[in-house]
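Accompanying notes for the structure given below.
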Amino acid sequence: MEIRVANKYALGKKLGSGSFGDIYVAKDIVTMEEFAVKLESTRSKHPQLLYESKLYKILGGGIGVPKVYWYGIEGDFTIMVLDLLGPSLEDLFTLCNRKFSLKTVLMTADQMLNRIEYVHSKNFIHRDIKPDNFLIGRGKKVTLIHIIDFGLAKKYRDSRSHTHIPYKEGKNLTGTARYASINTHLGIEQSRRDDIEALGYVLMYFLRGSLPWQGLKAISKKDKYDKIMEKKISTSVEVLCRNTSFEFVTYLNYCRSLRFEDRPDYTYLRRLLKDLFIREGFTYDFLFDWTCVYASEKDKKKMLENKNRFDQIADQEGRVKQN
């Protein structure tokens, strides 16, 4: 039986699950256009879909921000219909054998910085910068990196007065420990600097293949967070960025030098990485490491579909001849 949302979208296959609920593909029953549908139980102890839908509305119109087409409650579920995107940078990283070239990292960093700056310009911080929350588009937007998942985002300043939230300590870790800034580990209220520092760790993860604080054995979540923090603090920026360009050392040192209310100089950081891009003689051609691999995976799928279709036709023709 076909399940419909808002009497307009036919629910298809499940794409994934999260702490909030499930994500499905859906088709507009008239245009047959595909969308992503997020479902959250109305009995959820920590509902976040309403909050996230409001965030998408505030961020609406931004480059690389998914558009929300419908939000509401049907039956036992809170539902949000939004743009269907391609795989995440984490998925593509795995597809590329868990290592990105310097060229891909720099082209990716440029777009990711733009997305983070845009979110900040709308008075919010993301608080969960990680490869899983950056997705490529589909079709004509396959080279455009999108930022998603605003369930943990927080307003860091007043929309009108631009008064910054106060400095606080003793906060629990919000986000993903692997990429969290040192100040976040120390329990300090997050601000713009923390999103930028987290991006620095994402870039090193892409370049190195892993981070020194991955795979630490722990007896509890708190113990794991503590061990990650200890390793992160004890690993100097120079050691972390060993065998990479000095620009990454400069990037992370800059992030760590920012004060709580400081506005990061996004232009300076982009220029820093663009200068490295130019010095290496790269061309900004939007050909990422995954471009050929991802395309060939899709081609393989199409070939398999065509082969199956051909086999079916041949089978039918065979039956006709036998009859």
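The backbone N, Cα and C atoms fix where each Cβ goes, glycine too.
Some features that Swiss-Prot has for this protein:
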- Asp128: active site, proton acceptor (ACT_SITE)
- Leu15, Gly16, Ser17, Gly18, Ser19, Phe20, Gly21, Asp22, Ile23, Lys38: ATP binding site (BINDING)
- 9-278: domain 'Protein kinase' (DOMAIN)
Most Cβ neighbours within 10 Å: which of the binding-site residues Leu15, Ile23 is it?
Ile23
Under a criterion of Cβ-Cβ distance under 8 Å and sequence separation of at least 6, what residues of the same chain contact Ser17 (ATP binding site)?
Ile23
According to DSSP, collapsed to three classes, what secondary structure does Ser17 (ATP binding site) have?
strand
Just counting, how many other CB atoms are there within 10 A of the CB of Asp128 (active site, proton acceptor)?
20
What are the sequence-distant neighbours of Gly21 (ATP binding site), meaning same chain, six or more residues apart, C-beta distance under 8 angstroms?
Lys38, Leu39, Glu40, Ser41, Ser44, Leu49, Phe77
